[in-house]
Amino acid sequence: MAESSDHSGGGNSQSQVIQVPEPQPHPVMEQLPDVEYCINSPPPWPHALLLGFQHYILTLGMTVLIPTTIVPEMGGGHAEKAKVIQNLLFVSGLSTLLQTWFGTRLPTVVVGSYSYIIPAMSIIHAKRYTKYTDPYERFTHTIRGIQGALIISSIFHVCMGFLGIWRFAVRFLSPLSVVPFVTFTGLGLYHLGFPMYLNRFISTKRLIYERYGLLFSIASAWLLAQLLTSSTAYNNKPESTQNSCRTDRSGLISASEWFHIPFIPFPWGFPTFNFGEALAMIAASFVTLFESTGTFFAAARYGSGTPVPPHIICRGTGWVGVASMVNGFLGSVTGCTASVENAGLLALTKVGSRRVIQISAGFMVFFSIAGKFGAVLASIPLPIMAAMNCLFFGYVSSAGLDFLQFCNLNSFRIKFVLGLSFFLGISIPQYFVEYFYVKHHHGWFNDILNVFFMSHTTVAVLVAFILDITLSRDDDEVRKDIGLQWWEKFRVYSADGRNADFYKLPCRLNEFFPAL
């Protein structure tokens, strides 16, 4: 309050009290405001095409990274790597279309999952493949073993989704346990990015630089990499640096065919099956359940949709399992998950339109068939994509923090659950990375432990989930503190009329497959 004195002619003084309004907290937002185009409101076609192409470019990062890591270890060369990339890109495009049509209906892209790297590497280094001295022969036998394990693990994933098993677990979530769920979906991939801070030096109010920032950044960085390569700046650098930064080291352009048919099943022979390796792959599939669910929540938030009902999440995870199965049939060396980085791109562009993602899926299918043209774009140096991921993983992590607005942060119980889940979500995987995986990385049982406990998302979510459900939910005050009273209406599809606007199946399929 401030006081002012007004002296009148009679010598009297009056004291006037000026009321300063109390600061008000920011209102709670069930749907994120300031989204230019939400899930079911497409932008004009020229913008939609550019935005779809931008999502396709971003998808190439993980699509190229996984085969580049795995295929040389299997004995494959540039030709084999190019075919695996094209097959994986085709499955990503097809699965993204199926996900947006019949899955969650969210603007999510389906890509290869990094969680399958550990069991895949275990198969690659299995003793039964060491007898093959010819690199190509070793590659064909190894990829058949990976295919068999992928097919078995995908059956588990499909059952968890389409039989409704995953729905029962998701229904126990509250805003409190969703926070680490979504946050660690982004933070758990920190090793695939690198700190980048540019907004302090470049600031603009023109929307075009923000909406198409990915295209501008990749084009300029790719041009710089080409100039450094042409000027021989990398000639005396270590081999690892040259492979990462030169624009002429991927080998994809020369090895790719002009026209590639990616939908031929079992291109390297019939799959082989091993019980222990299949169990390790199932562990990776279980981890992707957590990753995909966190990404679905983030995509719904940045698409300005309502929190995803459990039945819709279950439907989406079932289609992710189908994508992993198709990968097993086509020899794409890894299972699938919902793309974290593409969910982050929704936040950057403020465009959460389903049509944009469907257009990007069209680009994936086209460039997987037009081999040479797709290889040109796939040869972008991976450090450029890693720099972009820093921004997008951060956006997804912050989407998880959005759900804190529905919790009582003045409660010590809430602080305990959040603090312990965040700390153990970082600390336990670090132990397995530094100690257990180094000394116990052989054998299917150790692979299961490594896959499970090296996942930051899985550990953080399980800690938060167990602590959350063991709280006394019968106490109305506690239910209010963890946001469960607000969350109740999103547990059932029909409880909120807005759900049908975002998640209803096309062509009146909801009449045959009603949401629960």
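The backbone N, Cα and C atoms fix where each Cβ goes, glycine too.
Marked as transmembrane segment by TrEMBL: 53-72 (among others).
Residues annotated as transmembrane segment in TrEMBL: 84-102 (among others). For the transmembrane segment (84-102), same-chain residues at least 6 beyond its ends with a Cβ under 8 Å from one of its own Cβ atoms are 59-60, 63-64, 66-67, 71, 76, 108-112, 143, 252, 256, 260, 262-263, 267, 315-316, 319-320, 322-323, 326-327, 330-334, 336, 338, 354, 357-358, 360-365, 367-369, 371, 374, 378, 505-506, 509.
Summarising the annotation, TrEMBL assigns transmembrane segment to 108-126 (among others).
Positions annotated as transmembrane segment by TrEMBL: 146-166 (among others). Long-range neighbours of the transmembrane segment (146-166) within the same chain, counting only residues 6 or more positions beyond its ends whose Cβ lies under 8 Å from a Cβ of the stretch, are 116, 119-120, 123-124, 266, 271-274, 277-278, 280-282, 284-286, 288-289, 293, 311, 313-322, 324-325, 327-329, 331, 333-335, 516.
Among the features that TrEMBL reports, transmembrane segment is placed at 172-192 (among others).
Taken from TrEMBL, the feature transmembrane segment covers 212-234 (among others).
Feature annotation from TrEMBL assigns transmembrane segment to 278-300 (among others). Using a Cβ-Cβ cut-off under 8 Å and counting only residues 6 or more beyond its ends in the same chain, the transmembrane segment (278-300) has close neighbours at 39, 104, 106-108, 113, 115-116, 118-119, 122, 148-150, 152-154, 156-157, 160, 166, 170, 178, 181-182, 184-186, 188, 306-308, 312-313, 316-317, 320-321, 324, 335-340, 343-344, 346, 352, 395-396, 399-400, 444, 447-448, 451-452, 455, 457-458, 461, 502.
Among the features that TrEMBL reports, transmembrane segment is placed at 356-378 (among others).
The transmembrane segment feature in TrEMBL is assigned to 384-404 (among others).
Here TrEMBL flags 416-433 (among others) as transmembrane segment.
According to TrEMBL, the feature transmembrane segment maps to 453-471 (among others).
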For the transmembrane segment (356-378), which stretch among 53-72, 108-126, 416-433, 453-471 has the most Cβ pairs under 8 A?
-> 53-72
Under 8 Å Cβ-Cβ from the transmembrane segment (108-126), and at least six residues away from its ends along the same chain, one finds 55, 59, 62-63, 65-66, 69-70, 73-74, 88, 91-92, 95-96, 99-100, 142, 145-146, 149-150, 189, 192, 274, 277, 280-281, 283-284, 287-288, 291, 295-296, 299, 316, 319-320, 323, 327, 332-339, 342-343, 357, 360-361, 437, 441-444, 447, 450-451, 454-455
Given the transmembrane segment (416-433), its same-chain partners at Cβ distance under 8 Å and 6+ residues beyond its ends are 176-177, 179-180, 183-184, 187-188, 449-450, 453-457, 459-461, 463-464, 467-468, 471
